[in-house]
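See structure below.
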């Protein structure tokens, strides 16, 4: 039986993905690590499992700020029905916009519309029309692009084709260079052209120097323009893009911002804008309904009163991850299940890394491996609670009918041994072992449970092949996680951090190390782009997009420190933009404003 191996920061874990025809317990997944950053230390330090719990050193976490917020929000199924009627009334108009023709200018216009569908978060409604247009468009791309000298148009078309896996040549950007081989200065005031060029450059591979030049050229001028005389909504878009490019942002998070931007544009398509509003509201009602279910479920578990406050209370944030993984309405059940499993991973991970002693955690993992409720009686009281919670979550998922694939725990202590013995591995060794410790493989595989049987089977077989794309995403996650948590890790005596290892191995300063890691991250992103272009025809987009979305979770979480452990700030803004904002607008407002 082939296996995928996962390691956590304190207790590495190995997981076996059983073939789909093996009937066993539902998906017993490994303990892997989100970020591991302390907040306020309490009690006194001990490593003896026989000492009473009141003497434990652990980092106290406050309760979630969200509490019962989503339980109190109104929800009416009839609102969703009304929104569906309104959207259906507009769909035919948009489909007409996407009708194929051989006219060159109309082809360009349709590709630009496809970009808007993606940017506004509603491309999933028109997948067949998009695929048909891109297939025919790519076959005639030379004719279509001949003589096109608008920087924004060329950049957007490049972005669309590359995003959908078509290897459009980056040589088309040479038309914007002068005789000196540099991008012409006449483009420095073209705000939309620079924005589009900056986004196009994000999709470059390691062999495309021209896109590196494009990124440097566009970013330097955009930084100047952002603080200049641009209209406020354009300045904000520039700032958002420079902070988190669209290519690295979650599609629906970008859409929540872009809808606000697009409606302030002097020239915009009213049908597309109206549909975007209706669609976002429709999705939001789905998410709110899911959060109601999850909040009630979390309250029923009552772990906040049963366990010491050593674990992160992140149910809402776990649902945000599930939305990033798949935001479309048909994945509602999958989001609920994935959120529960991510909450479980967080609780068990924090138990292992932040509170439990080595012998205690070994007992817990043995109980999970054997999957015998009676064995839990030998555990300390707090671990009985954790073990029961583990059993309950998986049985909850099993009752929901998702019990075809089995995943089993198996402990491996590589990182724990390094940390305990103060062994300093090479950076390459650490990344090979710790590369998936930020739940990359785990989250991809868990989320596949929400797809159909064929997609799940294909996805699991692909993961078992240890694809380079996923490995690169996991390595990027390891680097960004450890950069964000270096000071906190060292402050609490946890030396198993790639920044620490790199500094010791190469004799660099912290600043030099971070600078080098940012280069490595960019190289990994190029490698992911390259792998996507290579394999997208052999692996269904439904699966590949989930892996890429997990990569976007990394950027959303670690772009400004550690958003999962300390969600206040930018991470909270993401939660609010999807689940809180726009809620004041009643459904009837959308219904009445859809007349064009």
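Glycine residues also receive a Cβ, built from the backbone N, Cα and C atoms like all the rest.
A helical conformation is recorded for residue 353 (Mg(2+) 1 binding site) in the three-state DSSP classification. A 10 Å cutoff on Cβ-Cβ distances gives residue 353 (Mg(2+) 1 binding site) a total of 22 other Cβ atoms nearby, all chains included. Swiss-Prot lists 349, 353 with the feature Mg(2+) 1 binding site, giving similarity to another entry as the kind of evidence.
Feature annotation from Swiss-Prot assigns Mg(2+) 2 binding site to 349, 353. For residue 349 (Mg(2+) 1 binding site), the Cβ neighbour count at a 10 Å cut-off comes to 26, with all displayed protein chains included.
In the predicted model, residues of the motif 'DDXXD motif' (349-353) average a pLDDT of 85. If you look up Swiss-Prot, you'll see 349-353 marked as motif 'DDXXD motif'.
Swiss-Prot lists 481, 489 with the feature Mg(2+) 3 binding site. In this view, residue 489 (Mg(2+) 3 binding site) is surrounded by 24 other Cβ atoms within 10 Å of its Cβ, with every protein chain counted.
Between the CA atoms of residue 489 (Mg(2+) 3 binding site) and residue 349 (Mg(2+) 1 binding site) there is a gap of 16 Å. Straight-line distance linking the Cα atoms of residue 349 (Mg(2+) 1 binding site) and residue 481 (Mg(2+) 3 binding site), rounded to a whole number, equals 15 Å.
Here the CA atom of residue 353 (Mg(2+) 1 binding site) lies 15 Å from the CA atom of residue 481 (Mg(2+) 3 binding site). Every protein chain considered, the tally of other Cβ atoms within 10 Å of the Cβ of residue 481 (Mg(2+) 3 binding site) stands at 28.
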